[in-house]
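See below for the structure under consideration.
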Amino acid sequence: MTDAATGTTRADTFEDPLVIAGEKFHSRLIMGTGGAPSLHVLADALRASGTEMTTVAMRRVDPNAQGSVWDVLRETGVRPLPNTAGCFTAVDALRTARLGREALETNWVKLEVVADERTLLPDPVETLDAAERLVDEGFVVLAYTNDDPVLARRLAQVGCAAVMPLGAPIGSGMGIRNPHNIELIVEELDVPVILDAGIGTASDAALAMELGCDAVLLATAVTRAQDPVLMAHAMREAVSAGRRARLAGRIPIRRYAHASSPPREG
Amino acid sequence: MNAIINGEPRQLAPDTTVADVVRSLTRAESGVAVAVNDEVVPKTDWARTVVSPDDRVDVLTAVQGG
């Protein structure tokens, strides 16, 4: 649909914000900051991605550090989402979340409680326990979880503001290993579903959105790409394209051809 | 007096405050949080919180991750 007077199409002026805990985001891509080769590249990649929120980890201050991710966030205007990366228990996660809240002056937290270093898979028992306690303490909890529809439902029930199932293990780039489960999670939850972890390239991000996810969270796929800034741009377009395709409604898959031209007469 | 600062044993002068410890580690004025014996000390209390012998003081900041 093109407006003849202005030359703009409906697609150009399309308003479709992501809403988490009542806050609106225009970008459905949330970038993580982990793995960038330098703070300079990180800043450029964040800008190219169009993201409005990015995850950061909490670690002991290094007196010899040159520059900081905190400076990059202030320079780019991207809001920080402190995570609990590196925590193996609910108790650890609570402590880290409270420190993140104090340091970054936000009560939002990406809850991440992993089971072991080799797989970095979320520990479901500790994650659910921590989620419930953080919600009780007034945190807005975005919970990283397995692609388990039942656990996703439980996390939503205890009050998580968003549920973030993995596509595949963190940093693996294997894409979405169980699209069926992601669809089940999307169908059932009323809170935003954000595909987190496992994205390798643009088509994975587009698929997440086509499956009905509300947003995509990724870091490694961009920060460890050969050209992180170009990949950030690709991810921005992939998320946007996947979202529009989802809303547009794809055609059914058929076994045989379905002619798109009228048959010839005579 | 001895205390554990970010995991390392350190000799501190008597009456050293959390604010003093933070200043000794970083010039950053924001984006930093402190826990003493795993309890968060709000920024507004740093100047009046005196480190006790054998306290574990952790000074954290945001780094790339996730």
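We number each residue from 1, going along the chain as drawn.
Glycine residues also receive a Cβ, built from the backbone N, Cα and C atoms like all the rest.
Here the structure is a predicted model, which means the values were calculated and not measured.
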Of the candidates A:Gly171, A:Gly212, A:Gly242, the one that Swiss-Prot places in the 1-deoxy-D-xylulose 5-phosphate site of A:Ala197, A:Gly198, A:Ala219, A:Thr220:
A:Gly171
Taking DSSP as the reference, which of helix, strand or coil describes A:Ala197 (1-deoxy-D-xylulose 5-phosphate binding site)?
coil
Would you mind listing, in sequence order, any of the binding-site residues A:Gly171, A:Gly198, A:Thr220 that have a CB less than 8 A from a CB of chain B?
none
Distance from A:Lys110 (active site, schiff-base intermediate with DXP) back to A:Ala219 (1-deoxy-D-xylulose 5-phosphate binding site), taken between C-alpha atoms, in Å:
14
Please identify, from the binding-site residues A:Ala197, A:Ala219, the residue with the sparsest Cβ neighbourhood, meaning fewest other Cβ atoms within 10 angstroms.
A:Ala219
Over all pairs within A:Gly171, A:Ala197, A:Gly198, A:Ala219, A:Thr220, the annotated 1-deoxy-D-xylulose 5-phosphate binders, what is the largest Cα to Cα distance, rounded to whole Å?
10
When the number of other CB atoms within 10 A of each residue's CB is tallied over all shown chains, which of the binding-site residues A:Gly171, A:Gly198 has the maximum?
A:Gly198
